[in-house]
Amino acid sequence: MGKSEGPVGMVESAGRAGQKRPGFLEGGLLLLLLLVTAALVALGVLYADRRGKQLPRLASRLCFLQEERTFVKRKPRGIPEAQEVSEVCTTPGCVIAAARILQNMDPTTEPCDDFYQFACGGWLRRHVIPETNSRYSIFDVLRDELEVILKAVLENSTAKDRPAVEKARTLYRSCMNQSVIEKRGSQPLLDILEVVGGWPVAMDRWNETVGLEWELERQLALMNSQFNRRVLIDLFIWNDDQNSSRHIIYIDQPTLGMPSREYYFNGGSNRKVREAYLQFMVSVATLLREDANLPRDSCLVQEDMVQVLELETQLAKATVPQEERHDVIALYHRMGLEELQSQFGLKGFNWTLFIQTVLSSVKIKLLPDEEVVVYGIPYLQNLENIIDTYSARTIQNYLVWRLVLDRIGSLSQRFKDTRVNYRKALFGTMVEEVRWRECVGYVNSNMENAVGSLYVREAFPGDSKSMVRELIDKVRTVFVETLDELGWMDEESKKKAQEKAMSIREQIGHPDYILEEMNRRLDEEYSNLNFSEDLYFENSLQNLKVGAQRSLRKLREKVDPNLWIIGAAVVNAFYSPNRNQIVFPAGILQPPFFSKEQPQALNFGGIGMVIGHEITHGFDDNGRNFDKNGNMMDWWSNFSTQHFREQSECMIYQYGNYSWDLADEQNVNGFNTLGENIADNGGVRQAYKAYLKWMAEGGKDQQLPGLDLTHEQLFFINYAQVWCGSYRPEFAIQSIKTDVHSPLKYRVLGSLQNLAAFADTFHCARGTPMHPKERCRVW
């Protein structure tokens, strides 16, 4: 299915000697220190002057928007005499950008040996991974800062706001109401277990009572429609890949309780995670038995949970690995209900009953000619024997465990404590996130447009939209022009690629309606939610139900081409193949990615790279299967298809040969990360060329104070610094298994090793690590 993708970028150039050069940073450090001090003093005076006055509602790091720029003439070292001298920008915005870049760098490292260490060594040295984090990166820092803003606006109750916003604040307060959560203990969970047909391991005589009337179809439908848990069979509604103007029912293999199927087999660290997972299950069931005044019966609990783990292990074996699911055309099988039933009988499983029961929750009736799309054919073929092997008790224990697993965070501390060892084995962390951050994240992910409206009002300058739109036009134009360089693609395919690129629609910042006070759409979006400050667990169940049913209703609704696929308060960017649409939420439109107060070299190397990355997703190993209208269609000639695969194989091999010390020397999965690597490489290449074109057409950029770097060098340094970050070993191992992105370090090294322009810019001799003898290129 055409899923949304995340952000990334890439570029090219070739070079000269690898001898040690004079430091890029020498000579300007004293000036920079004085400027930073002056800027901070000026800010202090400004702040003191405004105390007591009403300040604008614009907050946070996106500041100095109206400042006057002041410039000092200076000729950077190493630039030919004939080249025009650039102006040095000394505004607070530029000084802060210079300080950030300087602090993040490690000038003792040779850029041609390890550019990631050169660009990020200072950042890595200064930042220790917080106890609550499994990874800590520039992205995480920006998210932390964004959450501080959200905390302030969610806790602000001085004035009555619109209903959607008030509901978000009520949900936040219920999450923060820890005294009530502790007082209620496990009772909210025990109450809901009765609704779902009981958890056999945590009750007596299930087999002889509730179990006698148990039906798999109805249980799966209940989990799907009321709790948004698509267990055993993943049924969901989405745009039809072959006709993006309509929605259709999809049937696919499900997710599992642990992040990757690989954790269910093999030894080493996988065994440790498995053992911790089993103990987690046993501990939760034991607590619930105690609270229900039942005997501990540790033998029964252990036996039941071992059976659950065995069942889930068989399900894991039945699933197809992600690296074998990249060809969406091969995955897609549309059929009627009769064919579905005849092909996948599952020992009497009634597909029509299951699907109709799910849809009945939103009062939708199946049509006689209703079609479904089956993605998970190999899984469904294997599922029949699994269902036949395990008892109703074990299957029900598993279904309810998946609901319980999802809701542990909504319960009292004693339940959270049961997952400590599991989280340590999986993420390397033993300390829970501070409560307010957990609650901010929860509310933002469940009420993204309500929270987004608060964030945009507080921290997003509206004029950013037009500037980003101009950057999109520039990068897209370069993508189209660059098609002429591709010898592996014939003219017919290039023409269709050009048409698709020019048809990509963009969404920037936020949907307009979330700020329109007279537009009731935002309030109507959450009209079915009614929260109580004392009922956090029940509030979370409401969100699950409303989310599930909002999705199910789409089956009979027209596809809205203007629908936003993500909220505004998000530090990320996305591409949707079904919509041929790129999205840049307000949360990512801030330094180091973007600011009107920093040189364009940084903007092109930041958000420009992200723009190129998302555009390139339309032509990666998944996006290439969709046409300009978002319909799955093979618009490629046989010649171009064959050569695309050959170009891609180069990248699969390149990234697959990176051995990651943090992940027990495991290699990056070149197959799983192919789409993101293609986008990274294409994104930085296009952004760099767009920057050079902008300058060639008369664009005047400024130098940053204290940094004797060319504009081109600043571009690449800012690109690399976007990815500064470090991992805990446990999470590194998990990332190798589950993340479709390469590790941060290899996102930088891999893309820049493939760019001749980078080697030229830093004068890297052929044969040095950053100027390899062979390079890969797709776009």
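From the backbone N, Cα and C atoms, a Cβ is placed for every residue, glycine too.
What Swiss-Prot says about this protein:
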{"type": "TOPO_DOM", "residues": "1-27", "note": "topological domain 'Cytoplasmic'"}
{"type": "DOMAIN", "residues": "88-779", "note": "domain 'Peptidase M13'"}
{"type": "DISULFID", "residues": "C89-C94", "note": "disulfide bond"}
{"type": "DISULFID", "residues": "C112-C764", "note": "disulfide bond"}
{"type": "DISULFID", "residues": "C120-C724", "note": "disulfide bond"}
{"type": "DISULFID", "residues": "C175-C439", "note": "disulfide bond"}
{"type": "CARBOHYD", "residues": "N177", "note": "N-linked glycosylation site"}
{"type": "CARBOHYD", "residues": "N207", "note": "N-linked glycosylation site"}
{"type": "CARBOHYD", "residues": "N350", "note": "N-linked glycosylation site"}
{"type": "COILED", "residues": "515-560", "note": "coiled coil"}
{"type": "CARBOHYD", "residues": "N530", "note": "N-linked glycosylation site"}
{"type": "BINDING", "residues": "H613, H617, E676", "note": "Zn(2+) binding site"}
{"type": "DISULFID", "residues": "C650-C776", "note": "disulfide bond"}
{"type": "CARBOHYD", "residues": "N657", "note": "N-linked glycosylation site"}
10 Å Cβ neighbour count around H613 (Zn(2+) binding site)?
31
For a quick check of packing: other C-beta atoms within 10 Å of the C-beta of C764 (disulfide bond), how many?
28
Can you check how the pLDDT averages out over the coiled coil (515-560)?
97
Report, in whole Å, the straight Cα-to-Cα distance of E676 (Zn(2+) binding site) from N350 (N-linked glycosylation site).
39
Counting Cβ atoms within 10 Å of each candidate's own Cβ, which of the disulfide-bonded residues C120, C175, C724, C776 comes out highest?
C120
Measure from the Cβ of C112 (disulfide bond) and count the other Cβ atoms within 10 Å, all protein chains considered.
24
For C650 (disulfide bond), what residues in its own chain, 6 or more apart in sequence, show a Cβ-Cβ distance under 8 Å?
C776, R777
Structural state of N657 (N-linked glycosylation site), classified by DSSP into three states:
coil
Fill in the CA-CA distance, C94 (disulfide bond) to H613 (Zn(2+) binding site), as an integer in Å.
26
Look up C89 (disulfide bond) in the DSSP assignment and reduce it to helix, strand or coil.
strand
Among all protein chains shown, how many Cβ atoms are found within 10 Å of the Cβ of N177 (N-linked glycosylation site), not counting that one?
18
For H613 (Zn(2+) binding site): DSSP state (helix, strand, coil):
helix
